[in-house]
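Q: Got a structure for you, questions after.
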Amino acid sequence: MNLLDIIIIGIVQGISEWLPISSKTQVLISSHYLLNLPIAIAYSFGLFMEMGSIGSATIYFRKDIMSVFRDRKLLLYLAIITIITGLVGVPLYIISDKLLKNAYDPSIPMIILGIALIVDGLYIRYSRIKIRSFKDLSLKNIILIGIAQGLAALPGVSRSGMTVSTMLFLGIKPDDAFRYSYLAYIPAAVGAVGTTILFSKTNISYVISLIGIGGVLISVISAFIIGMLTIDLLLRFAKRRNIYIIDFTLGGIAIVVSVLTILI
């Protein structure tokens, strides 16, 4: 077991989870090359690694989480997003193994998402879209966000990219879009980890036999620490930028990383 490799995988998870570059795909690639994991097992490990990111979001947004439970409308909206995410995401997760075994290239959805973010930015830049709060959204808007998050169960599709871009398109101000995207992430990620353990128990056992429980814990803790720092930096960035600048930046990151993924 190479300790540096395990820490690197945790760092990859801690950074990529909060950017529109599909953390599960980045962990898939890094663990495939660093730990020599088969693709399907590396994908399951990528989802399992979200445990570290769940910790990051839960600790960072602990005050927001408490306020959610005091606000019935906000709690209802996040519950609906979670339910829709599960209805869309679980079937897609079940077929993900088959997709990865049939020459499915996860970098393609990242390129498409990057282009969509840039188009979204152009639309916002040249239209008179009304800025509103998350609680001003309609039920239809909330369902749309849930569908967007559920689609991220597919390899190469970024959860944060899908939800943040959808919220920006709906007129949510950037820092709120990031904040509520990350709050919606917590229950969805808990479900993703649970689904991974339920349907991919053999894959996770293989990883544990290879790097040990200690190795998995080190990787998860690395993801947790780096995730806290990344969330803070992104929220600071979002507060100081216009919506379309956020879209252009995230879209550019998604396209660059996906091209690098293809080259690797």
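Glycine too: its Cβ is placed from the backbone N, Cα and C atoms.
Here's the feature list from Swiss-Prot:
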TRANSMEM  34-54  transmembrane segment
TRANSMEM  75-95  transmembrane segment
TRANSMEM  104-124  transmembrane segment
TRANSMEM  137-157  transmembrane segment
TRANSMEM  180-200  transmembrane segment
TRANSMEM  207-227  transmembrane segment
TRANSMEM  243-263  transmembrane segment
Q: Which range out of 34-54, 104-124, 137-157, 180-200, 243-263 gives the transmembrane segment (75-95) the most CB pairs under 8 Å?
A: 137-157
Q: Which listed stretch (34-54, 104-124, 137-157, 180-200, 243-263) has the most C-beta pairs under 8 A with the transmembrane segment (207-227)?
A: 34-54
Q: Going along the chain, which residues at least six beyond the ends of the transmembrane segment (243-263) come within the CB cut-off of under 8 Å?
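A: For the transmembrane segment (243-263), the sequence-distant neighbours (Cβ-Cβ under 8 Å, at least 6 residues beyond its ends) are 19-21, 25-26, 29, 105-108, 110-111, 113-118, 120-122, 124-125, 129, 131, 156, 158, 161, 164-165, 168, 173-174, 177, 237.
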